[in-house]
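Worksheet: the structure to be examined is printed underneath.
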Amino acid sequence: MFRLLRWLPLLLLLPPPGSPEPPGLAPLSAGAPPQAPDLLYADGLRAYAAGAWAPAVALLREALRSRAALGRARRDCGARCATEPEAALPALLPASPGPDSGSRAARSAWEPLLLRAALRRAECLTQCGARRLGPGGAARLRVGSALQDAFRRREPYNYLQRAYYQLKKLDLAAAAAHTFFVANPTHLQMREDMAKYRRMSGVRPQSFRDLETPPYWAAYDTGLELLGRQEAALALPWLEEALQESLAQVESCRAGCEGPEEQQKEEEEEGGTGSQGGLYEAIAGHWIGVVQCRQRCVEDTATRPGRGFPVPDFLPGQLRRLHEAHAQVGNLSQAVENVLSVLLFYPEDEAARKALDQYQAQLGEPRPALGPREDIQRFVLRSLGEKRQLYYAMEHLGASFKDPDPWTPAAFIPEALREKLREDREKRPWDHEPPQPKPLTHWKDVLLLEGVTLTQDARQLNGSERAVLDGLLTPAECGVLLQLAKDAAESGARSGYQGRRSPHTPHERFEGLTVLKAAQLARAGAVGSQGAQLLLEVSERVRSLTQAYFSPDRPLHLSFTHLVCRSAIEGEQAQRMDLSHPVHADNCVLDPDTGECWREPPAYTYRDYSGLLYLNDDFQGGDLFFTEPNALTVTAQVRPRCGRLVAFSSGVENPHGVWAVTRGRRCTLALWHTWAPEHREQEWTEAKELLQEPEKEEEEEMPSRDPAPEPPSHRLQRVQDKAGKPPRVREEL
């Protein structure tokens with residue numbers, strides 16, 4: 001009852017059933033002071049977990065509104081208080097103290113000025129925050145780092161779309177889903193949800209709208225598109241809007257750097273100065289953290305939602321396009337202003353200098369009043385001043401700073417730091433990864449395999465210790481192994497399974513065959529001996545290749561070999577939402593919530609490398625994919641084909657799964673390798689001996705009259721517990 005009473009005011013803010021929703025996620029109560037976003041978000045998640053969909057929507061929307069209002073208030077108050085005459089900080093530091101008392105007097109006079117200005121600025125910000133945000137101001141509404149990350153990832157929209165779906169508000173559900181998906185384009189579940197919404201008759205195409213992306217990206221893209229069509233006159237308003245909105249976004253981001261969030265404290269401690277004692281050390285540490293945050297704002301502004309890297313040279317690039325577009329339509333004065341602005345970033349840019357000479361020649365007379373844009377000039381001067389402070393802190397205080405801008409003049413970097421920074425910039429990202437494997441010719445020579453090619457290496461697969469190789473099997477060999485799998489299935493062999501249904505999805509059938517079972521069936525005449533022998537040879541071929549590629553100085557042993565086919569069950573594939581094999585790691589228990597992988601039972605902890613050798617591609621779906629440890633973000637995807645091997649290390653660095661097989665039959669030889677000799681696959685040795693026995697009998701002229709296979713060894717007998725439960729099924733792909 002108490003919870004319902006607490007949610008009642010928010011429920012009253014929702015429109016009555018049947019009435020039109022406000023467009024998008026408009027403010028629920030415009031003009032009212034915002035509440036604490038973290039408390040609203042926590043209450044929204046509790047309501048969501050309890051299935052109270054309407055209160056969940058109201059609380060989550062109010063959390064979004066409050067966070068946006070907090071950002072606007074902080075930005076507006078910061079801009080207004082910066083113009084207060086008594087709150088203006090001293091413009092210049094006094095000269096360095098010398099032996100004369102005049103310098104010491106100037107220094108002692110400057111400190112009270114700084115303190116008075118800081119106190120007046122603080123008073124102004126406190127009063128403005130109280131007027132805009134209610135008692136306590138921004139300090140009452142501080143947002144912790146975890147919540148900031150959640151909002152940055154747009155997680156509230158993920159919950160909103162599900163709650164709206166339950167409330168039958170499909171247009172708003174699609175809008176919320178699209179907003180989340182823009183920032184998380186590789187989120188597996190949302191990808192499936194988006195496909196589901198597109199199939200729904202009640203969802204209009206215009207429902208898929210982004211409710212969060214700043215407007216400058218739309219203007220930027222429109223301007224580039226018009227320029228590409230040689231329509232400079234139409235592109236100019238969009239390009240100018242994109243630049244102005246980009247600068248406004250930078251200012252908004254910079255205002256947030258002065259907030260009281262816990263994240264600031266963590267950044268200061270990482271900078272190496274926040275934990276030092278003393279008044280001036282504390283002031284310097286906090287200031288360094290603020291300026292570091294401000295410098296990152298350009299990079300944040302230049303990064304599209306859902307992208308990991310910013311658009312290179314974002315602001316100078318916009319200025320280049322502006323001066324070229326102005327020149328095309330004959331606005332030479334504006335072209336000069338913009339190209340001079342480019343030269344503020346890159347004074348030695350030959351293309352910009354050549355364009356400037358051309359524009360000035362076309363103007364026909366000197367125009368001394370023409371100069372760079374004032375907004376860009378202020379931006380560059382302020383940024384350079386902050387960089388100078390940060391490099392000083394790096395040199396003398398041990399602070400850390402990674403300059404996001406390629407245009408910083410070398411003169412601003414202390415000489416003692418230039419060499420180290422140059423090495424850091426030139427250092428390739430894969431220098432931090434394990435050593436790359438030896439060239440392909442090395443393992444061709446090792447295995448004497450003709451036609452094996454490296455299709456993708458670890459870098460191309462966006463990970464470490466991953467590789468895709470083609471040509472390990474000929475089409476004829478794939479056909480032999482496919483026939484072996486088919487014959488074994490028709491004979492009733494069910495190696496590793498108690499039934500034909502998949503252990504991972506009810507929509508597919510699995511058929512598994514071990515090397516020893518194949519050898520036994522060959523001895524019995526149920527399958528061809530050629531296929532069973534080829535299965536052994538191919539598994540050893542894969543082992544040798546995997547060792548040559550990943551572990552040339554340390555022997556690998558086969559740990560388990562499994563020929564697996566999975567078939568889509570007809571009539572059960574419509575609107576299917578599950579995976580053929582969920583995301584997992586091969587030697588540890590993956591926890592997607594924490595990103596950790598526990599190397600303990602029931603995982604096969606002794607597995608070190610995995611291999612998947614594909615036999616066919618005449619099916620629908622069934623691609624292998626790798627993810628981040630969160631089991632959601634796809635990093636690479638591989639399409640099966642005959643003779644293609646995907647080899648990778650078996651740990652947390654390579655979580656992987658399989659998309660649903662929605663038509664046909666997908667067959668794969670799955671192999672795991674280990675460095676531990678005690679975990680070597682004994683069944684492989686037994687199978688080899690079993691397949692060699694008929695040859696020995698022929699030599700001794702003692703053919704067996706009994707067509708039945710020999711009784712299995714004790715290792716083949718499936719041990720059951722006291723309750724008669726079968727052993728756990730081995731994971732495979």
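Yeah, the Cβs are placed from backbone N, Cα and C, and that goes for glycine too.
The feature signal peptide is assigned by TrEMBL to 1-20. The annotation region 'Disordered' is assigned in TrEMBL to 254-276, 683-733. Residues annotated as compositional bias 'Acidic residues' in TrEMBL: 259-271. Here TrEMBL flags 561-675 as domain 'Fe2OG dioxygenase'. The feature compositional bias 'Basic and acidic residues' is assigned by TrEMBL to 683-694, 718-733.
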For the domain 'Fe2OG dioxygenase' (561-675), provide the mean pLDDT of the predicted model.
91
I'd like the per-state residue tally for the compositional bias 'Basic and acidic residues' (683-694) from DSSP, helix first, then strand, then coil.
12 helix, 0 strand, 0 coil
Report the DSSP secondary-structure composition of the domain 'Fe2OG dioxygenase' (561-675) as helix, strand and coil residue counts.
0 helix, 57 strand, 58 coil
